[in-house]
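Presented below is the structure to which this report refers.
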Amino acid sequence: MALSQTLLVYVFLCVHLGVSSQHYLRLRPSPSDHLPVPDLKEEPDPEFDPREQDLVERTLRKKLGSNFDPNFMSISSPMSVNHSDTHMKPHGPMPNEIKKLDLTETPYGKRVKVGKKARRKFLQWLWTYTHCPVVYTWKDLGVRFWPRYMKEGNCFSERSCSFPEGMSCKPVKSINKIFLRWYCQGFLKQKYCTWIQVQYPIISECKCSC
């Protein structure tokens, strides 16, 4: 699958509860073909949340450095507006697999005559119908991520992308954005917490496939 060749290993954070009431976080590299990333199961105890002095914007911006991308990250809650990378219409050159379609051949071996204008209109319609835009929505990652809000990509899924129906839009490419993750180790009263950098994959391209 194309995605498995292009998707980098992302850091998946899990919360575990030990038999001796020891709470801790563990980093586990986990390659995945499934995007967007599923929600993390967080330890509900607020003792593992960053404190006010841990959320100084100037300090966190310095720690994240040039990895801060305002196109995909927001410190405050953004407006809940969906964005498509192509406004639901294809752009750029028409794919070769559509451009080279032979519309004159029929299933019965006979050939039909198709005018240039009719061919152009049909191919444009087919391209638009099978196009798979990425739909972006803002997602709240929670207080243990900084920036807290991320623009998450999803493949358009309101209808089938094939004619006749049967195929659907699936992710084929992703980009990785660096976020800060609040990470704790040790016992409740003796725990050590700090901000660490983690990669978060975001869908960047979708394609119509089985």
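Cβ coordinates come from backbone N, Cα and C, glycine included.
Nobody curates TrEMBL annotations by hand; they come from automatic prediction.
Database features, via TrEMBL:
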- 1-21: signal peptide (SIGNAL)
- 28-50: region 'Disordered' (REGION)
- 39-50: compositional bias 'Basic and acidic residues' (COMPBIAS)
- C132-C169: disulfide bond (DISULFID)
- C155-C206: disulfide bond (DISULFID)
- C161-C208: disulfide bond (DISULFID)
- C184-C193: disulfide bond (DISULFID)
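Looking only at Cα atoms, C161 (disulfide bond) sits nearest to C169 among the disulfide-bonded residues C155, C169, C184, C193, C206. A sphere of 10 angstroms centred on the C-beta of C208 (disulfide bond) encloses 19 other C-beta atoms.
Each residue of the compositional bias 'Basic and acidic residues' (39-50) gets a DSSP state, and the totals for helix, strand and coil are 3 helix, 0 strand, 9 coil. Around the Cβ of C132 (disulfide bond), the same chain contributes C155, F156, C161, C169, K170, C206, K207, C208, each under 8 angstroms and 6 or more positions distant in sequence. Its Cβ taken as reference, C206 (disulfide bond) is surrounded by 25 other Cβ atoms within 10 Å in the chains shown.
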